[in-house]
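Taking it in order: structure first as C-alpha cells, then the write-up.
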Amino acid sequence: MGENNFTESILKSNSCDLQRAVIGGSPTKSAIMFSAGVLGNVIALILLEIRRRKQPASLFQVLVTSLVVTDLLGTFSVSPLVLTAYLRNESLVGMNDKRFVCGHFGYAMTFFSLVTLAILLSMAVERWLSIGHPYCYEKHLSKRCGYITIALIYLLCALFSATPFFGFGKYVQYCPGTWCFIDLNPSKTEHKAFKIIYASCLLVMIVCTVLCNASVIYNLLLMYRRRKARRGSVQRQQGHTRHRSISKEFEHLVLLGFMTIAFVICSLPLVVRQLQTCQTHFQTSLSYELTTRSSAS
C-alpha cells in the first residue's frame, strides 16, 4: 500500500508540482513523527553526553554523535515546513512564488539523506579497520580524523545537493503538496544524470556499509573462537580482558547494525524506484529509436 501511494505520487508529480494548496494528507501523523524524531534524538544526545563524562570519547562515539546531530538538524529543516503547509493550507510552492521553500525542502532532503548514509558508512569502515586491521587503526586513525571526515562529508554533499540550483538536476513538488524532492521523472538529460548519480551514490554506500558490517561480524567470530580455544591459568585473565573487548565490539556492532537497517529500509525503496524509472526511460527511448529506424528502412 505504501509503495502504491509513493508510485502514484511520482506519477502525479507533474500536476502537483504547480499545486498551490495542500490536498489530503494527515497533519497529525506528521506532528507525531516530528515529535518522536526530536525526542529520540535528544534522548540519544543526553545518553552520549553521560557516557562521554564517564570515559573519553572514542572515534566511534564522535561519529555516532555527528549522526544524531545530523538527523536532528534534518528533522528541524523539513518537518516545520510540513506542519506550516498543513496549518496554512498552502503547498510549498504556494508559500513562495520563486519556489524558494520547495528548493530548500528538496535540498534538505537530498543533503541530509546523503550525509546520514555517508556517516553510517564511515562508522562501518571505522569498525572494520578497528577489528580487521587494528595496527593500522591505532597508528593512523584518531578523533581528529573523524572531525575531518565529517567536515568533508558535509562539504561534498552540500556541493552536490546545490547543483539543481545551477541547472544540473531539478527539485519538484510532490502530492499532497507538503514535500519536494529530486525530479524522479525528468525529461532533460542533465536532470536524468543527476538522478542516476544520486541513486548510484546511495546504492554504493548501502552495499559498502553492509559488506563492512559483514566483515566485522566475521572477524568478531574469529576472535571469539580464538579466545575460546585458549585455555590456561596464565591466559584466563587475558581471556577475560579479551572477552570484555569482544563484548564492547559487539555492542558497537549492534548499534551500527540497527541504524543501518533502519536507514536502508527507508532509503532502499527510493533507490530502487529511481533505478526502475531510469530503466523504463531507457527502454522507452530504445524502443522509439528502433521503431524510427525500422520505419526509415
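Glycine is no exception: its Cβ is also placed from the backbone N, Cα and C atoms.
Noted in TrEMBL for the protein shown:
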type	residues	note
DOMAIN	40-297	domain 'G-protein coupled receptors family 1 profile'
TRANSMEM	31-50	transmembrane segment
TRANSMEM	62-87	transmembrane segment
TRANSMEM	107-125	transmembrane segment
TRANSMEM	145-166	transmembrane segment
TRANSMEM	196-221	transmembrane segment
TRANSMEM	253-272	transmembrane segment
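Contact between the transmembrane segment (145-166) and the transmembrane segment (31-50) is not supported: fewer than 3 Cβ pairs lie under 8 Å, counting only residues 6 or more apart in sequence. Summarised as a single figure, the pLDDT of the domain 'G-protein coupled receptors family 1 profile' (40-297) averages 77.
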